[in-house]
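Before any comments, here is the structure.
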Amino acid sequence: MAFRKENKTKSNFSKISIGLASPEEILENSSGEVLKPETINYRTYKPERDGLFCERIFGPIKDYECHCGKYKRIRYKGIVCDRCGVEVTEKKVRRERMGHIQLVVPVAHIWYFRSLPNKIGYLLGLPTKKLDSIIYYERYVVIQPGVKAEDGIAEYDLLSEEEYLDILDTLPKDNQYLEDNDPNKFIAKMGAEAIYDLLARLDLDALSYELRHRAGNDASQQRKNEALKRLQVVESFRASRGRNKPEWMIVRIVPVIPPELRPLVPLDGGRFATSDLNDLYRRVIIRNNRLKRLIEIKAPEVILRNEKRMLQESVDSLFDNSRKSSAVKTDANRPLKSLSDSLKGKQGRFRQNLLGKRVDYSARSVIVVGPELKMGECGIPKLMAAELYKPFIIRKLIERGIVKTVKSAKKIVDRKEAVIWDILEHVMKGHPVLLNRAPTLHRLGIQAFQPKMIEGKAIQLHPLACTAFNADFDGDQMAVHLPLSNEAILEAQMLMLQSHNILNPANGAPITVPAQDMVLGLYYITKLRAGAKGEGLTFYGPEEALIAYNEGKVDIHAPVKVIVKDVDENGNIVDVMRETSVGRVIVNEIVPPEAGYINTIISKKSLRDIISDVIKVCGVAKAADFLDGIKNLGYQMAFKGGLSFNLGDIIIPKEKETLVQKGYDEVEQVVNNYNMGFITNNERYNQVIDIWTHVNSELSNILMKTISSDDQGFNSVYMMLDSGARGSKEQIRQLSGMRGLMAKLQKAGAEGGQIIENPILSNFKEGLSVLEYFISTHGARKGLADTALKTADAGYLTRRLVDVSHDVIITEEDCGTLRGLVCTDLKNNDEVIATLYERILGRVSVHDIIHPTTGELLVAGGEEITEEVAKKIQDSPIESVEIRSVLTCEAKKGVCAKCYGRNLATSRMVQKGEAVGVIAAQSIGEPGTQLTLRTFHAGGTAANIAANASIVAKNSARLEFEELRTVDIVDEMGEAAKVVVGRLAEVRFVDVNTGIVLSTHNVPYGSTLYVSDGDLVEKGKLIAKWDPFNAVIITEATGKIEFEGVIENVTYKVESDEATGLREIIIIESKDKTKVPSAHILTEDGDLIRTYNLPVGGHVIIENGQKVKAGEVIVKIPRAVGKAGDITGGLPRVTELFEARNPSNPAVVSEIDGEVTMGKIKRGNREIIVTSKTGEVKKYLVALSKQILVQENDYVRAGTPLSDGATTPADILAIKGPTAVQEYIVNEVQDVYRLQGVKINDKHFEIIVRQMMRKVQIDEPGDTRFLEQQVVDKLEFMEENDRIWGKKVVVDAGDSQNMQPGQIVTARKLRDENSMLKRRDLKPVEVRDAVAATSTQILQGITRAALQTSSFMSAASFQETTKVLNEAAINGKTDKLEGMKENVICGHLIPAGTGQREFEKIIVGSKEEYDRILANKKTVLDYNEVE
């Protein structure tokens, strides 16, 4: 009879460890052995005995009923039937009882020899190919050479059948009768048995020392790496020594999972649907049994070997069918789903069942708008509410004595009798519901509402919640969930209620902003109209003004004077006379008086600021009421205003025809220039595109002027646009201007989208011609396709971000770091992208900040920078502030509140336990989806702003140049000018009086300069201009040109133009690396002055032998302009940065400051040598096809690119250090989002970047337990170095019994030992100081970082499940359940917010319960006192 035990796992465990299962453990957890491949009897539908569904092993199929039916009912619980051997118990044990299969021969576990890195292979030092040939019974392996060692046969040698038999023949007779542990015995085996023996014989410590020695001393880098890889596996086994033995990677007993987890369901028609696992198990059992029989009947070796191989393969398929080249397929040619497959992927155990479960007490329905709802309310259909709150209703029915039993109460609820409705009303009071709209992209995708019962079957949603849910009412559905426990209800009410979530956690701006109709109504009544009825009247107060309006004496738009309540500069409410309108008076009736009098026209933008102010001044509760008032007024006025629009409101400007004609004329001129041969085809194209872009933008401007002055700006279309209710300038332009340039169709794999040079001149009001329509359909369709594809990408980005940062939680108040980031205005050339105010607001200052002129303390170090302080700092001359940042936070786990700063969703300092990592990931991911969904609105219109190609003085100033090298020329107008030939030239505009630098500009190579250093210039003076369409190469000397290596069809091709017959020489990539195209400039006597390399793609515009003057252009390299700028470029860019990928054409970057000299040409690469002042020399190879950006004798700074291309984050990290790369990534990603007009606070990006920089790579392990090149956590690294700090390493143990060479001992132990030896006159122990490890900071992409987390559960549920579990098992890892995902998987509360471990003991209840408990407590106390 199989043995039974009750081993129920407790659910309050605090960690999970994973390891290899030993055969004993598998037996221990098994309830019996499965002997037969049968599943169930096809006639009786009862499980076969000893089969895969056997009731003896796994438990009964029906509750409390044995197989033969002798014992039925619960009273026999626990009895084992004497006839059929089935224990009488409940049927759910079939979900937890395991079985096992005892294999006749051991089998290797596929995870450990088929997945990379090959664990068994690394341990034994055998390559995968050889290992496979042993495991699959093709070769013998020598386990112990014994007497044959002198014949040159060594351990681990592979033998073929013949060789093996030869050796057996030549062995001494008695050899095979020796004991296995006799060193003379020759042993060779094949299959997993052989591997088992080899693994069992390993001495890990000796192997470890040998490999460490090899890794330290081997000259060949490849062998060194090999040794390090093997070391990692060896070290894993040494570290987990108690739990894991290498030979357990060979399976002797296969566990059988419980039958309910691999069900067999009868379908109608006598067929069965079965889980694939049953098939896989059956194959294993059949082959195992056949092998048993064959061994019993002493079958020949060949047959046995074949059968063993088949057994190995069947177990492989069972464990991981997708890894095998020949996966087991079903009849329908579908690979069977093995055990590994059921863990992997979106449908696997982790993501399908552990991280996302379906829940009870939920409902879903279509949503409709509920304009009469208050903030924080929602309408729930009666039927839905009755079903959701059913248990609560039943309880009340019984309490009120309406029914006696639960069953009858249930019936009443199901029949929906009248009595339940008022009970339901009562139950719903103070019991909020959660509404959720998929996709839940950020935390505002689930909010709590107080439900109201409504008729109908649709859920009513508050219109202001739409933005947060990204919902509209075109058929969206939402899910409703009911929080059940007191704790959950409390959290829903306090933390998740809609009216408490007015601010967007991504940027702190209000998210419940009225949109569309509401904005339009408010805009309409706050707009003024000159000449309206009652203009210029004066009223003594708002009441009088309203009476006059109601009596029809004054128009709602008329400018009038009214005495209203406003707030003066000290914040007191005073009565003042304001020039305003009745509409504005009506609006201000709703605005809380503390917020002042709003006397502007209200658009969506200004409304957002007003709401922000109201929240700041009056708090969230008042703000919610204010929002409700605004909503009602907006809807009412949009209705009263009758704001429809008709075709006549779309006005086409009269100037359109002349503008278009002007465009045609200019294009004609450009084409003439081209035909005359003045410009190349590419330039012609760029200029044409430029002309049309200009025409389009000019037309847009005229159109805006026209439409905004129509009917004093009361044109409906203009009102919609201007208020921000609907539509954009783009769309209006296409309706009544011209559609403009469109992107060209793009072939797969071609260069980015070119632009069609004939624009669409019609607009939608005039209608498009067939051709125009056809061109524009392409853009529109591309938009739709992009949207569909990019949504998935954005979702995947969010998933990776959450995975990398889910364990970042605020763990402490202050980590006490002294470091921070220096913040300044973020500028691009001279326009401020982000002001200092925005960047420091809500952060914590590192130092005291003192006003430089007045000397007052603005903010103390370690204090929050509030709005007032930030404003003062912005207005003062202070240019940079050092703030605390999560990038520099030194908290051991998570981050500290001071380094994070203000929680944007509440505008207060962040609290301990806030899950800032997840908030950051959502804040970055959510707009990612928005961005991608935004492509198609412009209908594929090519949005490219005309390239600006000059520097013009913005104000009068003095010029200062840096690194300027020029050549004097005469420009095309005949004026004297200079051409810049230095690559690093910069011009600074300096204020003449104060000497403050106003702005700094880069002066590009090849630009024409019209001023000199130190000049005073007036505002509007042209400083420099350059060719925006071409990069150029300019000669710096006068002389004769001679080409070298310029060979037709080898290094250049000729493109002749059909239209003009002009021929152009274009440099191409040469197959022959010895031929390097270059241009020499020679003197009259033929002496070489300069040489210029000709880069690939350059158009040579000078003939061979031609004379050139200094400053002339010899090569033009067309820049790729006129690409359609889509976020399609944006999302991949964000991914590229977060994954820390190197761009496709990385620039070569100088690592030191120094002087440049050009070296020789080696294999198609030019050598560039940088020599620093200290004499350090660095050599770089730059492919000749690239343009080299430095010249002989230039002085370059570290980090300067030497060739064109993008700088890689890895280079920035290596050269400029961690801070620089962190700022680089944050700013680069911010740029992508800014381009789309999406505001996200820097701190969110900082959290992700912090997670990317968690690890260091060991350079020199010293005496620590690390290996060279190992990647470890920064913290772990510091702890390990602290551990050996001050300790000694034994060099020579002398006569000591207790110490070995290489042992690490404390100074005290050493002193004791040595004094003992000294007393006995023995040789003392010699030591040296322990050497600490050194490391380099590395930057990991978010995917790498997520897979490298300390929690294996989190990593396994992210990606590469099998690989992660595999590694974790070998290392015997323990998961301490510190992050979020691990805890969700284990069904625990997450360790953040109210789930923090210190709140575990708190119980939420009512006052009555508390009093009752206290009363009981008193009686007990009295009882004790009586004693």
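The count begins at 1 with the first shown residue.
Yeah, the Cβs are placed from backbone N, Cα and C, and that goes for glycine too.
As annotated by Swiss-Prot, Zn(2+) 1 binding site applies to CYS66, CYS68, CYS81, CYS84, with the evidence given as sequence analysis. Annotated Mg(2+) binding site per Swiss-Prot: ASP472, ASP474, ASP476, in sequence order. Under the heading Zn(2+) 2 binding site, Swiss-Prot lists CYS815, CYS889, CYS896, CYS899.
Mapped onto this structure are the features recorded in Swiss-Prot.
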residue	record	Cβ contacts under 8 Å, 6 or more apart
CYS68	Zn(2+) 1 binding site	CYS81, ARG83, CYS84, VAL86
ASP472	Mg(2+) binding site	CYS466
ASP474	Mg(2+) binding site	none
ASP476	Mg(2+) binding site	VAL366, ILE367, ARG437
CYS815	Zn(2+) 2 binding site	CYS889, GLU890, ALA891, VAL895, CYS896, LYS898, CYS899
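Reduced to three states, the DSSP call for CYS66 (Zn(2+) 1 binding site) is coil. Under the three-state DSSP scheme, CYS896 (Zn(2+) 2 binding site) falls in the strand class.
For the binding-site residues CYS81, CYS84, CYS899, counting C-beta atoms within 10 A of each C-beta gives the highest total at CYS899. Apart from CYS815, CYS889, CYS896, CYS899, the residues listed for Zn(2+) 2, the same chain places the Cβ atoms of GLU812, ASP814, THR817, ARG884, VAL886, THR888, GLU890, ALA891, VAL895, ALA897, LYS898, TYR900 within 8 Å of the centroid of those Cβ atoms. Other Cβ atoms within 10 Å of the Cβ of CYS889 (Zn(2+) 2 binding site) number 24 in total over all chains.
Counting only same-chain residues six or more apart in sequence, the Cβ atoms lying under 8 angstroms from the Cβ of CYS66 (Zn(2+) 1 binding site) belong to GLU55, PRO60, LYS72, CYS81, ARG83, CYS84, VAL86, GLU87, VAL88. The Cβ of CYS896 (Zn(2+) 2 binding site) has 23 other Cβ atoms within 10 Å, all protein chains considered. Each of ILE367, ALA471, PHE473, GLY475 belongs to the same chain as ASP472, ASP474, ASP476, is absent from that list, and has a C-beta within 8 angstroms of the C-beta centroid marking the Mg(2+) site. A Cβ within 8 Å of the Cβ centre of CYS66, CYS68, CYS81, CYS84, the residues given for Zn(2+) 1, is found for these other residues of the same chain: GLU55, HIS67, GLY69, LYS70, TYR71, ASP82, ARG83, GLY85, VAL86. Under the three-state DSSP scheme, ASP474 (Mg(2+) binding site) falls in the coil class.
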